[in-house]
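Working notes, beginning with the structure itself.
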Amino acid sequence: MDVLELYRRTGALLEGHFLLRSGMHSPFFLQSAALLQHPLYAEAVGEALGKLFEDEKVDFVIAPAIGGVVLSFVVAKALGARALFAEKDGRGGMLIRKGLTVNPGDRFLAVEDVVTTGESVRKAIRAAEARGGVLVGVGAIVDRSGGRAAFGVPFRALLALEVPQYPEEACPLCREGVPLEEV
């Protein structure tokens, strides 16, 4: 599966000057929602990501809301597991709402569309572990961490992508006067 081509085909690979959640600037942004809005593409991505973890016995798949809800669902479907999501708790962390089942000892896979620092998925992991879940792996459509994201369990992605990132003070796009878009 050519993941980068799917991003291009669906208009999910944006070019310009972007302020990332990490505070870094980048000439590219991967708008995964534009890809995952297409059920056939979403399902194909979910199946491919699920295959990377098919040997793990996974009870549920969790992702940070809102962006990860679709991804959690399609990966869980591929693995025959439950699909959960974690929401912001208003205190800088995440929580799993009542009604979503996590049994003590349940094995889970955490997924994210794009991992840059891994902080969002870490918050979802902490929410699941707080309910007794046991993390067995982390999956992503795209790893743009440059190998810096580590979770203490297998971390696998469909695509490792080196995308330039700059702190504001060293950003060539700022120096060129390219308008900054917050994403």
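The backbone N, Cα and C atoms fix where each Cβ goes, and this holds for glycine too.
Quantities reported herein were computed from a predicted structural model and do not represent experimental measurements.
Residues annotated as 5-phospho-alpha-D-ribose 1-diphosphate binding site in Swiss-Prot: ARG21, LYS88, GLU112, ASP113, VAL114, VAL115, THR116, THR117, GLY118, GLU119, SER120. In this structure, ARG21 (5-phospho-alpha-D-ribose 1-diphosphate binding site) belongs to neither helix nor strand by DSSP; it is coil. All protein chains included, ARG21 (5-phospho-alpha-D-ribose 1-diphosphate binding site) registers 11 other Cβ atoms within 10 Å of its own Cβ.
The annotation orotate binding site is assigned in Swiss-Prot to THR116, ARG144. Reduced to three states, the DSSP call for THR116 (5-phospho-alpha-D-ribose 1-diphosphate binding site) is coil.
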Proximal but sequence-remote residues of the same chain as GLY118 (5-phospho-alpha-D-ribose 1-diphosphate binding site) (Cβ under 8 Å, at least 6 apart): GLU112, VAL138, SER145, ALA149, ALA150, PHE151
